[in-house]
Ligand SMILES: O=C(CO)COP(=O)(O)O
């Protein structure tokens, strides 16, 4: 049985005091359940402090991005070894906002995924189509291309450990959620792509999240779908109460 993974992606939000307060409040109130994993994806600046705060709790801390190079003249960047050293366990890679505003490509995503595994970080790889692509019936082919590029060259067990977040771009921060059937259809397709290109075993183990306007009111229906194993949540992860409700939904 795959675990449910609920990850809150704070994006570029919260000052240090608010971040610390959130983690202090949330970490002690997580449901005691083997079925769900709870992650907060925080801005780089706060990572070491939040990791320290969560020691001995079930809350995991993730970064929202990283460079693929080990070190060097890359002003303003953070390396995979710096992240590992900070104590984070996961890293979000290829979020659509990074692809759109920071020239992230399928190629850099693949390099980052390899770098994550080289440093024992679990990548949360984001894929998803624009509204135009959905309307042109290109959703499955586009997402397939992104997934195949992201996992190219990985070993079977690395693919099995990757988390893929399907986030239709038109549903991010818009209040428009894909219906649970629409979301599941694409997540099923992603699993089939992995089964065909890697193995049935990797496809069976792979955690696939849905992201895009997930909130306490719609999370149960999304998580009840056959191929949705969790959620990557922006807006509704900024408040402790709603984050905890989302994690609670993952225990069922
Ligand atoms: O981009 C997202 C998470 O990475 C989704 O954001 P919202 O939940 O705010 O739509």
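Even glycines carry a Cβ here, placed using N, Cα and C.
Substrate is bound by 9, 10, 11, 213, 234, 235 in TrEMBL, and the record lists one more residue there from 28, 173, 250, which is 173. Apart from the site residues 9, 10, 11, 173, 213, 234, 235, the chain places the Cβ of 172, 233, 236, 237, 238 no farther than 8 Å from the centroid of the site's Cβ atoms, the recorded substrate location.
Checking the binding-site residues 9, 10, 11, 235 for a CB within less than 6 Å of any atom of ligand 1 leaves 9, 235, listed in sequence order.
Cβ neighbour count for residue 9 (substrate binding site) (all protein chains, 10 Å cutoff from its Cβ): 27. With every protein chain in view, the residue among the binding-site residues 173, 234 whose Cβ has the most Cβ partners within 10 Å turns out to be 234. Packing around residue 213 (substrate binding site) is summarised by its Cβ count: 21 other Cβ atoms lie within 10 angstroms of its Cβ, all protein chains included.
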